[in-house]
Amino acid sequence: MKVVEVKHPLVRHKIGLMRAGDISTKRFRELAAEVGSLLTYEATADFATETVTIEGWNGPVEIEQIKGKKVTVVPILRAGLGMMDGVLENIPSARISVVGMYRDEETLEPVPYFEKLASDMPSRIALVVDPMLATGGSMISTIDLLKDRGCTEIKALVLVAAPEGVEALQKAHPDVELYTASIDRCLNEQGYILPGLGDAGDKIFGTK
């Protein structure tokens, strides 16, 4: 599995700001979208382009545009919504496919509860967004679902990942690409990433 820990100074600075214990909901939400946008930039760097001729201000001009499969952004509810706008900022024509997963706090296993995908999933590249890759369960289950619906090209974008989650995702889906702002130290006994960001969903939605 291709794993990219984005080392760009802007990414490292912004993810550092998100670790503050007293960060406001507004600021956390803004930074989640900003880092999501920067991860999208990295994840789409290998998109193929083609040369076309358009009518410019002073006659015909050759330009490059993206070709091939179109994109669907797949936020994993609810926290993934915090990164969605960052993706759409770069790819405003992307379709939105929503998957609802929550983690059972006792078993730490993902529980699906909602699904609404683009109708043409086999012809789209899926960018799955979720702030945290902890145990990897929610991401793995979401990718299982996308593959069942015919999606063959999938990239996962997460703000922070635990080594345990990276390993689990690699075992389950070695063909997927992972882009993250940081691979952190470990998971604690409650399944939270250390040092991590805390509960990203609560911080994005102001329910902490």
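For all residues, glycine too, the Cβ spot is worked out from N, Cα and C.
Among the candidates R29, R95, R103, R185, the residue that Swiss-Prot names alongside R78, D130, P131, M132, L133, A134, T135, G136, G137, S138, D199 for the 5-phospho-alpha-D-ribose 1-diphosphate site is R103. The secondary structure of M132 (5-phospho-alpha-D-ribose 1-diphosphate binding site), as reduced to three states from DSSP, is extended strand. For G198 (uracil binding site), the nearest neighbour among the listed binding-site residues (D130, M132, G136), judged by C-alpha distance, is M132. Here the Cα atom of I193 (uracil binding site) is found 6 Å from that of A134 (5-phospho-alpha-D-ribose 1-diphosphate binding site).
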